[in-house]
Amino acid sequence: MALCLSQVFNKDKTFRPRKKFEPGTQRFELYKKAQASLKSGLDLKTVVQLPPGENINDWIAVHVVDFFNRINLIYGTMSEFCTEKSCPIMSGGLKYEYRWQDDHKYKRPTKLSAPQYMCMLMEWIEMLINNEDIFPTRIGVPFPKSFQQVCTKILTRLFRVFVHVYIHHFDSIISMGAEAHVNTCFKHFYYFIKEFSLIDHRELEPLLEGYLVYTISGDITQLPLTLAIQL
């Protein structure tokens with residue numbers, strides 16, 4: 001999938017600089033293992049499962065950083081279609097509005113345009129994953145007790161990027177010929193958060209209410225709206 005994404009999307013248009021794993025570290029080896037599994041054609045449900053003997057927090061850390069890089073790339077490439085004029089509110093359809101809060105500049109939930117929200121989000125995630133107290137990279141340094149809670153918040157907010165892109169900009173994805181690659185990235189993300197229960201089910205509602213149809217049986221329900229994804 002990494003190769004497909006890089007072929008379709010412009011790597012020079014990442015919204016924020018890509019976070020890289022240091023060669024020779026355990027995190028780098030786990031990342032290579034995860035990428036090898038993705039490229040092997042294994043079922044995505046199997047790919048996301050914790051490898052035997054590995055630490056669950058290391059596995060989650062690798063995926064959080066990787067999803068940040070991938071979603072950063074997707075949004076960065078199509079950000080020209082997501083403007084202050086087209087998206088004055090960060091939303092997922094008419095029913096769902098996402099407000100920004102970071103306990104620093106925005107101490108209360110604040111209404112922002114989608115481009116502003118995305119900018120704040122990517123900067124916030126970048127700050128967290130580069131924080132050694134939260135995402136330690138040195139051998140023997142433990143993860144904080146709040147690590148999975150932090151990752152849940154990161155992944156929840158990254159999921160909102162998918163919501164906004166699918167509902168408001170899927171026509172642009174189609175015009176770039178990228179729908180299959182975005183769908184694969186989303187399915188990988190979805191199976192991962194489900195495997196480790198990392199997002200509250202209520203956060204999934206914007207895409208479950210008529211925009212995406214999850215069909216475990218293998219049949220794709222035809223929709224008059226945007227798309228259906230087979231999971």
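Just so you know, glycine gets a Cβ as well, placed from its N, Cα and C.
Unlike curated entries, TrEMBL annotations are predicted automatically.
Keep in mind that what you see is a predicted model, and the values were worked out from it rather than measured.
The annotation Zn(2+) binding site is assigned in TrEMBL to C82, C87, H164, H169. Of all the Cβ atoms in the protein chains shown, 19 others lie within 10 Å of the Cβ of H169 (Zn(2+) binding site).
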I'd like the number of other C-beta atoms within 10 A of the C-beta of H164 (Zn(2+) binding site), please. 23
